[in-house]
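Only one structure is covered here, and it is reproduced in the block below.
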Amino acid sequence: LLELSLKKLAIRFGKSWNDLDDFKRIFWKLRSPIAEYCMEHWKEDWFFGYQCLNGCNPRMIQRCKQLPENFPVTADMVQSSMASKTTLNKELQAGNIYLLDYSIMDGIPANTIKGKLQYIAAPICLLYQHPDDGLIPIAIQLEQSPGLETPIFLPKDAPLAWLFAKMWVRHSEFQVFQLLSHLLRTHLVVEVFCVATLRQLPAVHPIYKLLAPHLRYTLEINCRGRTQLISANGIFKRVVSTGGDGLLILAQREYKVLTYRSLQPHYDFSDRGVSQLPNYFYREHSLMLWEAVHSFVSSMVNLYYHTDQDVQKDPELKAWIRDISLEGFTELLSFGLASSLSSREELSTLLAVAIFTSTAQHAATNNGQFDWCAWVPNTPCTMRLPPPANKDDVTMERIMATLPDVSQSCVQMAITWHLGRAQPDAIPLGQYTEDHFTEEEALEVVDSFRTKLKEIENYILDQNAGLDLQYLFLLPSRVENSITI
């Protein structure tokens, strides 16, 4: 707060901002090109859709083949959002309708901050890949149970009502992004590999040498996160609507449905039905980095394990995989990872999951959080009034009384800046400063990996040249070799 010159404002707990432009008062000292772009365009539907693809939580969107029973959208409701000569049913069959479903938020207890109850929603949002306008939201329901007090908000509603509905979706996005996509699916997943590697593999083991640079500082930062962010007196308890008991329940829900398959990007995209969705730069760059990482670890594994039997007979590797599957991802009957390894390919894929998660996946969710969350109305950390039960209830006064207050806004901006900024001692993906490997063949594999990363770097830079809104979060030079923040 001191670094951002926000301390004087941060003490004003409970004081609402006067209007949306008033949020600019905390936006003057530190900005980023994307944060500024966000401030200018956050109200626009196409920008809402863009964030579903390339924002800080790009893994929620899924193809909608059939409308959920608890989301009674009719064709007439959304016809004005459709392109000419088409209908909702036609677009459903054509694969152009998508869904954001925050059912995991349903029933999560809301935080109480300084004696004041906060509020949570569990929205469902329907999106349409419009041939001219791109991916746009076309219907939003703020709770999972439809009814008279759960209206379906539409773009043709009063502008403030539609904008407020989108804010509620983005508020749920903040919770899911920080606690599930970021904390659970990167930090805590990689922690399993950290602990198993340190407990079961000696430092001379080739798999230890391969993984060690990608586990650097992760246990330390996870311990700090437990005490400073999600503890009983941590940042989340102070300013986030799921702080306190809610965040633990939310994380437990996600943990129970976590699968090994979903940690592999090519399966994740195909299972969500988004493999053909245009302008999905996160998907494109993720797959490029996944292939580079998988090729790298496969070459390294094949250097030290000449046959599948070599993998099966390695006693330290046996202990390592058992530790991961039976101690790390314990009690997950549907996780899908065996407690033994039968081939070099199985080992290579598991190592690729560990390295991809600790590098590219973490970068995609962590590094842009200031960009997308600094303009607080775009991704509010908490809501101070319940979701509107009637579209006519939405006024600017209601919106300002609901959005984070002055103090909460200052803390949101400060923490996303602190967590998302580049670390002073960052080591980029593919740079190995400790020289764990000394064999000539292994060093050649590392060099090939670096060459491939350079090709990806150049491709991404060329792709983004001249764009007002650039996607550079998976630029290899900006992806850290491990989770250090």
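Cβ coordinates come from backbone N, Cα and C, glycine included.
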Worksheet item: Out of His306, His362, which does TrEMBL tie to the same Fe cation site as His182, His187, Ile485?
Response: His362
Practice prompt. Check the domain 'Lipoxygenase' (1-485) for me and report the mean pLDDT.
Written response: 96
Worksheet entry | Structural state of Ile485 (Fe cation binding site), classified by DSSP into three states | coil
Worksheet item: What kind of secondary structure is His182 (Fe cation binding site) part of, going by DSSP in three states?
Response: helix
Worksheet entry | Extra residues within 8 Å (Cβ to Cβ centroid of His182, His187, His362, Ile485), Fe cation | Leu183, Thr186, Ile221, Thr365, Asn366, Leu419, Ile483
